[in-house]
């Protein structure tokens with residue numbers, strides 16, 4: 001559980017900066033970039049299975065139908081997140097995305113999942129409060145960018161909930177979920193590229209950009225990190241929960257925000273930013289403690305569950 005959460009946190013933090021670096025040089029088609037990441041992921045998993053490096057069940061039409069909503073919400077989240085990065089700097093982007101844990105918590109309560117403990121509820125509210133305080137310290141308002149980020153929060157909440165449910169109900173590993181997601185995403189993304197007229201213009205622009213060695217390296221890193229991020233996100237959500245995954249995102253955001261002040265167009269440090277980050281970090285640590293004490297009271301999972309997720 002700890003290794004999955006740590007891996008997701010590191011991958012997620014790195015991916016924000018990689019995407020921002022790509023967008024600064026190539027703003028013509030974020031959909032094409034996402035399509036490339038999904039193609040790379042599908043090929044990586046397929047050849048991994050051929051070479052005997054990984055195992056997965058054969059594709060099932062019934063399973064694909066169940067996971068179609070996961071793919072739709074996932075790609076919608078990526079699309080709106082990338083769109084928001086065009087107009088929002090990294091610290092403020094992360095601040096808005098930190099509202100996801102609160103959305104997951106509220107959604108779980110509305111779905112009848114049960115009322116979370118007082119400590120868990122207060123810790124999540126504390127992280128959200130820290131977001132608002134930090135945002136007030138430097139709110140270079142961009143209506144389009146902030147709107148895209150808020151919509152992305154909604155879609156991220158939905159797909160995390162669906163991933164958690166799919167892993168629990170269908171016994172799918174994170175690798176299998178990632179493969180299904182990639183396969184289902186490819187036709188959807190290609191349709192968007194054609195429908196919006198991005199193809200073939202964006203492809204020709206990309207070809208010109210790849211003549212630059214520095215851009216080619218950044219693009220390659222982006223493709224690799226897309227695979228790593230997807231895997232660790234599904235892994236963390238299955239092994240832990242949707243709420244835990246979003247809280248990990250909140251904690252990694254502290255480091256991302258700090259770096260964002262000075263890397264790739266940072267913002268000026270303000271007293272409210274620092275205060276908000278302190279409140280946010282306290283909320284994350286509080287949540288971790290609350291979940292730890294809560295799990296100590298629960299009986300250990302039975303063997304069949306561990307066999308369903310051998311990578312735990």
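Glycine residues also receive a Cβ, built from the backbone N, Cα and C atoms like all the rest.
Those TrEMBL annotations? Automatic predictions, nothing curated.
Listed in TrEMBL:
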- 11-288: domain 'Sugar phosphate transporter' (DOMAIN)
- 6-23: transmembrane segment (TRANSMEM)
- 72-96: transmembrane segment (TRANSMEM)
- 117-137: transmembrane segment (TRANSMEM)
- 143-163: transmembrane segment (TRANSMEM)
- 175-195: transmembrane segment (TRANSMEM)
- 215-235: transmembrane segment (TRANSMEM)
- 242-264: transmembrane segment (TRANSMEM)
- 270-290: transmembrane segment (TRANSMEM)
Report summary line: Contact set of the transmembrane segment (143-163) with the rest of its chain, CB cutoff 8 A exclusive, min separation 6+ beyond the ends, reads 69-70, 73-74, 76-77, 80-81, 83-88, 92-93, 96-97, 99-100, 103-104, 107-108, 111, 177, 233-234, 237-238, 242, 245-246
Query raised in the report: What else in the chain is close to the transmembrane segment (215-235), if you only count residues 6 or more beyond its ends and a Cβ gap under 8 Å?
Result: 4, 7-8, 11-12, 14-15, 18-19, 21-22, 25-26, 33, 36-38, 40-41, 44, 163, 167, 174-175, 177-178, 181-182, 209, 245, 311
Report summary line: Listed stretches 72-96, 117-137, 175-195, 270-290 vs the transmembrane segment (6-23), most Cβ pairs under 8 Å: range 72-96
Report summary line: With the cut-off at Cβ under 8 Å and a gap of six or more residues from its ends, the chain residues touching the transmembrane segment (117-137) are 91-92, 95-96, 98-99, 101-102, 105, 243, 247, 250, 257, 270-284, 286-287, 289-291, 293-294
Report summary line: Taken over the domain 'Sugar phosphate transporter' (11-288), the predicted model's pLDDT averages 78
Query - Positions whose Cβ lies under 8 angstroms from the transmembrane segment (270-290), at least six residues beyond its ends - result: 91, 95, 98, 117, 119-120, 122-138, 247, 250-251, 253-254, 257-258
